[in-house]
Every structure is written in C-alpha cells, then in structure tokens.
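A.B. asks: Okay, here's the structure, questions in a sec.
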Amino acid sequence: MKLRYDWTAQEVLHLLQAPLVDLLWQAQAVHRQVNPGYTVQLASLLSVKTGGCSEDCAYCSQSAHHPQALPTPAQTLSLEQVLEKATAAKAAGAHRFCMGWAWREIRNGPPFEAMVAMVQGVRAMGMEACVTAGMLTDEQAQKLAAAGLTAYNHNLDTGPAHYNQVVTTRTYGDRLATLQRVRRAGITLCTGGILGLGETLQDRAELLVVLAGMNPHPESVPINALVPVEGTPLGEQPPVDPLELVRMVATARILMPRSRVRLSAGRTSLSREAQLLCLLAGADSIFYGDRLLTTPNPDVSRDQDLLQAAGVRWRQPHGDGEASQG
Ligand code: SAM
Ligand code: DTB
Ligand code: SF4
C-alpha cells in the first residue's frame, strides 16, 4: 500500500464530510489490508504525577491555572506503586502501559531517574512502555530510548489555527519541536487530538494534515473526545456527536493506514454501538482499565464484552500471541 504524506486540507475535509457509508467503506478497505486479523491493542494509563501543572490547557483538570478542577493536592506515585499498577494492568491483559506526568517539561534529577526506572520496570514485564510528560531535551529523549521506552505521547490536540484558543503557555511549534526530538532519539510517536474543543471542521482537517504530513506517520494516533471537567474553561462544552468521532477515526485510518488509531478519552459517554462503529471505522486500540488520568474509563469487564461483541482479537502482553472471544 502506497503511503502519502501530502494530503491537503481540502482532500481531508472532503473525507470528513463524505457520506458516512462511503467513508466507512473506504476506511474498512484500508484497515483490512493492514490489519487482516483485526487485532486491537489494549493500553492502560496511569497518572504518576497528578495536578499542579504550570500550563493552561483549557480542557485539563491538572492545570494550576484552574485549581478548582482538581481539588486534591498534587501527588506523585513511587516506583513501587507504579510497578504494582503495571503488574495489575498486565494481568488484566494490557499490552501497553502509559504513564503520565502533569509537567510542562521533564525535570532532571530524582523525578527523571524514577521515570527511567519505571520505563525499565514496565519493559521488563514484557509490555510496551509509553510516557507523556511534556517537553523534553535531546539528552532526556536519548536516556528514555536507552531505558527501552517504546513510545512518547505528545498530542497536538487541534489544528494550528485553533491552538491558541485552547493553550496560551506554549505554541504549536513547541509541540512539533518536541515530537521531532522524540523521533530523533528513535522513540515511536504517539500524537493525536481532541474533538469538542470548539474547533471547526477545518481545524480538524488541518490537524489531520499535520499528522499525516509526518514522514514516517506517527505510529500511534489517539483520537480523544473532550471529557468536560467542571472547573476548567471547557467544562461546559456540549458533548461531541459520536458520529463525528467515527468520522475522525475513519479519516485518520485512511490517511495513516499503518498507524495505530486509538479510540481514547470520552468512551464513558459513548454507547456500545457507537464504540463498535469506531472499531468498524478503523480504530485498533483503546485505553483499557477503569481510569484514564484523572477521569473514569469504562471498566475492564465492559470492555471485554465490547471486544467480544465486535469479534475482534486483542494483543496479549509479551507480543507473543493474541486472544479472542471464548
Ligand atoms: N503534560 C503532558 C502533556 O500535556 O503533554 C502530559 C499529560 S496531558 C494530561 C496528556 C494529554 O491528555 C493532553 O495532551 C490532552 O490531549 C489529553 N487530555 C487532557 N485532558 C483531557 C480531557 N479533559 N479530555 C480529553 N483529553 C484530555
Ligand atoms: C491521550 O491521547 N489521551 C490520554 C493519554 N493520551 C495520555 C489522556 C486522556 C486524559 C483524559 C482526562 C483525564 O483523565 O484527566
Ligand atoms: Fe499540563 Fe498536560 Fe494538563 Fe496541559 S494537558 S495542563 S501540559 S498536564
């Protein structure tokens, strides 16, 4: 399959607005070629450092700019606590373990040494390890790569024109520069966006143009629906229409055929059927476990039901096999 890196906003808009049945047909045709067994990756999330972040992201419960959104004091988990959660995630069937720090950028010293040890510990369990912790230096990226880090998550969130409506403490360019550092260190990229931030369809198209313009494409593309958190500037946003999410997933699948498209935050507001449509549209990963970072996620038994109802397989830890229903 020939991959393209030169999609235009007009082409992407055309896909986002195509009749849903046509869009789904096209996305499925692409997805079947690259993932014939329909294997889904289960990724579990853990917030290692929660709250007190100096950035002002309007959607985020962890920003110190709107402290009423997260009334508990900032806290950091120890290496032992993190590895205990990772062990439980693996036992529940997670293939990737993603750890989050509410930081503008990674700090050196003991917190960074702990991060490196957490990555090593998760890798030693046979799971993929992902970190999301804000900006980083080349040296930090190289140390994380040496520790075995599989992926670094750093979302672009929305299109470049809408970005400063959502975050003012950093620029889109800062985000892109961090992604380049991650790439240079040989760590795979996990970068995607959020629907429901007040963006236009054009903004969504432009986000996808930026993502699909990366060569290679990001290995992992999370598509989040805003989880409106009371006390944040976006806490009163209207819910995202589930079919908009389906369209975004399908378009991402068509543009970046080989990337993992992860149906991410916002699933507790989706019906089982809407989630099935997202899987049919080409999502091949979900966040798995009853919490995201600070907000709830569907519980494990509901997700196992969902995957069984869909008849898809999911990847086991170790990458040494697959499970399916039964
Ligand atoms: N501080 C680091 C950063 O911003 O890159 C890592 C942690 S941050 C919480 C990770 C990502 O979670 C954000 O980039 C954003 O895309 C997503 N996120 C945060 N709050 C969200 C919400 N309420 N709804 C949906 N996605 C959210
Ligand atoms: C991503 O794209 N979504 C995840 C993960 N990558 C880090 C985070 C979702 C956070 C949802 C809000 C919360 O739980 O605080
Ligand atoms: Fe901080 Fe990340 Fe939340 Fe922004 S999204 S406030 S950078 S934790």
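In case you wondered, yes, glycine gets a Cβ from its N, Cα and C as well.
Automated prediction, rather than curation, is the source of TrEMBL annotations.
Okay, these came from TrEMBL:
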type    : residues                      : note
DOMAIN  : 38-267                        : domain 'Radical SAM core'
BINDING : Cys53, Cys57, Cys60           : [4Fe-4S] cluster binding site
BINDING : Cys98, Cys130, Cys190, Arg262 : [2Fe-2S] cluster binding site
A.B. asks: Are any of the binding-site residues Cys98, Cys190, Arg262 near ligand 3, with a Cβ under 6 Å from it, and if so which?
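C.D. replies: Near the molecule: none at all.
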A.B. asks: An 8 Å radius from the center of the Cys53, Cys57, Cys60 Cβ atoms defines the neighbourhood of the [4Fe-4S] cluster site; name the other residues of that chain inside it, in order.
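C.D. replies: Going along the sequence, the neighbours come out as Glu55, Asp56, Tyr59, Ser61, Gln62, Ser63, His65, Ala102, Val167.
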A.B. asks: Can you list which of the binding-site residues Cys60, Cys98, Arg262 have their Cβ under 6 Å from some atom of ligand 1?
C.D. replies: Cys60
A.B. asks: Whose Cβ lies within 8 Å of the mean position of the Cβ atoms of Cys98, Cys130, Cys190, Arg262, the [2Fe-2S] cluster site, other than those residues?
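C.D. replies: Residues close to the [2Fe-2S] cluster site, other than Cys98, Cys130, Cys190, Arg262: Ala43, Leu45, Arg96, Thr132, Ala151, Asn153, Ser220, Pro222.
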A.B. asks: Restricting to the chain of Cys190 ([2Fe-2S] cluster binding site) and a gap of 6 or more, list residues whose Cβ falls under 8 Å of its Cβ, or answer none.
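C.D. replies: The answer is Cys98, Cys130, Thr132, Ala151, Tyr152, Asn153, His154, Pro218, Glu219, Ser220, Val221, Pro222, Arg262.
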A.B. asks: Going along the chain, which residues six or more apart from Cys57 ([4Fe-4S] cluster binding site) have their CB under 8 A from its CB?
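C.D. replies: Result: Ser63, Asp157, Val166, Val167.
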A.B. asks: Find the average pLDDT over the domain 'Radical SAM core' (38-267) in the predicted model and report it.
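C.D. replies: It averages 97.
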A.B. asks: Counting across all protein chains present, how many other Cβ atoms fall within 10 Å of the Cβ of Cys130 ([2Fe-2S] cluster binding site)?
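C.D. replies: A count of 24.
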A.B. asks: Starting from the Cβ of Cys53 ([4Fe-4S] cluster binding site), draw a 10 Å sphere and report how many other Cβ atoms land inside it.
C.D. replies: 22
